[in-house]
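Report on one structure; see the data block that follows.
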Amino acid sequence: MGGGGEGASGPELSRDNMKGIVLALLSSGFIGASFIIKKKGLRKAAVASGVRAGVGGYSYLMEPLWWVGMITMIVGEVANFVAYAFAPAVLVTPLGALSIIVSAVLAHFILNERLHALGVLGCVMCIAGSVVIVIHAPQEQEITSVREIWNMATQPAFLLYVASVIVIVFVLVFYFSPLYGQSNVLIYTAICSLMGSLSVMSVKALGTSLKLTFEGTNQLIYPETWFFMLVVATCVLTQMNYLNKALDTFNTAIVSPIYYVMFTTLTILASVIMFKDWSGQSPGSIISEICGLIVVLSGTILLHVTKDYERIPQSRSVWPLFLSN
């Protein structure tokens with residue numbers, strides 16, 4: 001593995017980056033399908049019990065179809081988990097755009113959430129932007145101990161980011177969620193995305209620790225490894241809870257792209273702060289990655305705005321929070 005070299009400087013990607021790419025693509029396929037399966041399960045559970053997950057119901061836990069979706073998502077998350085052990089977050093996270101394409105196409109055929117011509121263009125943009133990111137992505141840093149990652153996680157800049165995320169999440173959960181959670185899609189998705197950025201950093205730390213352990217350098221003897229595991233569990237459980245609320249309350253066509261845009265942006269920001277992914281790269285490569293990311297994000301937004309909005313109640317828009325006093 002290179003020590004922060006440029007992905008565009010050589011004729012081909014490193015073996016570790018290639019493994020990360022393949023795993024990330026497989027992960028996106030499973031996760032994209034899980035959105036649709038879980039949504040179907042949530043609908044069935046709501047019809048059977050009369051209480052939706054968006055208003056606090058948990059009857060979906062008794063619905064087999066929801067568990068099929070959950071297992072599909074777990075498979076995708078495991079592949080994603082392993083991908084972060086081989087490739088930097090700046091490379092792995094944007095490839096999640098494929099999950100938006102998968103969910104948009106399946107929603108068109110299964111949930112009757114129509115995908116129009118401009119939505120297809122959005123899919124093409126997501127793919128094109130992802131290719132640009134792959135071409136210019138940095139190589140994975142060579143890490144020999146979980147304590148190296150711990151030092152990165154406890155640097156002042158990243159601690160400031162963590163503190164900011166915790167404060168914002170608490171405000172969203174205890175103030176904005178009760179008031180606007182049912183009418184503004186940004187509330188639930190922001191909570192998922194903020195916690196997701198921390199979970200990815202911990203997943204990468206934990207995945208690297210396990211990778212080193214399997215290679216013969218035991219990292220399970222260090223308390224830092226177990227701390228990262230605790231953070232992963234806490235963040236993932238919070239994400240799943242609020243993602244269920246978002247999926248049950250709003251159209252999948254809204255939830256998937258907005259969640260992806262926020263999650264990707266915050267995760268890359270966290271990774272650049274903690275792992276210094278852009279250190280050693282030329283300005284040209286960094287600009288290319290940013291442009292690729294913008295194309296991907298624009299594609300997801302295009303997918304979002306071209307979906308079938310007649311099926312979405314007018315009160316469930318993105319804007320009430322900003323228009324209210």
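Every residue number used here counts from 1 along the chain in the order it is shown.
Cβ coordinates are placed from backbone N, Cα and C, and glycine is handled just like the others.
Unlike curated records, TrEMBL annotations are generated automatically.
The feature transmembrane segment is assigned by TrEMBL to 20-37 (among others). Tertiary neighbourhood of the transmembrane segment (20-37): same-chain residues 13, 65-66, 68-70, 72-73, 75-80, 82-88, 91-92, 95-103, 106-107, 110-111, 134, 140, 247, 252, 255-256, selected by CB-CB distance under 8 Å and a gap of 6+ residues from either end.
Residues or ranges marked as transmembrane segment in TrEMBL: 65-86 (among others).
Remote same-chain partners of the transmembrane segment (92-111), defined as residues 6 or more beyond its termini with a Cβ less than 8 Å from a stretch Cβ, comprise 20-21, 24-25, 27-29, 31-33, 35-36, 39-40, 76, 80, 83-84, 119, 122-123, 126-127, 129-130, 133-134, 200, 252-253, 256-257, 260, 263-264, 267-268, 271, 292-293, 296, 299-300, 303, 307. Here TrEMBL flags 92-111 (among others) as transmembrane segment.
The transmembrane segment annotation in TrEMBL covers 118-138 (among others).
Among the features that TrEMBL reports, transmembrane segment is placed at 158-176 (among others).
Long-range contacts of the transmembrane segment (185-206) within its own chain (CB-CB distance under 8 A, at least 6 residues past either end) are made by residues 80-81, 84-85, 89, 93, 146, 149-150, 153, 162, 165, 168-169, 172-173, 176-177, 224-225, 228-229, 231-232, 235-236, 238-239, 242-243, 245-246, 249-250, 254-255, 258-259, 262-263, 266-267, 269-271, 274-275, 316, 318, 321. Feature annotation from TrEMBL assigns transmembrane segment to 185-206 (among others).
The annotation transmembrane segment is assigned in TrEMBL to 226-243 (among others).
The transmembrane segment annotation in TrEMBL covers 250-274 (among others). Note on the transmembrane segment (250-274): residues 32, 35-36, 39, 88-90, 93-94, 96-97, 99-100, 103-104, 107, 111, 113, 152-153, 155, 157-158, 161, 185-186, 189-190, 192-194, 196-198, 200-201, 204, 243, 293, 296-297, 300-301, 303-304, 307-309, 311-312, 316, 318 of its chain, located 6 or more positions outside it, place their CB under 8 angstroms from a CB of the stretch.
The transmembrane segment feature in TrEMBL is assigned to 286-306 (among others).
For the transmembrane segment (226-243), the residues of the chain that approach it from at least six positions outside its boundaries are 77, 146, 149, 169, 188-189, 191-192, 195-196, 198-199, 202-203, 205-206, 209, 220, 255, 259, judged by C-beta separation under 8 angstroms.
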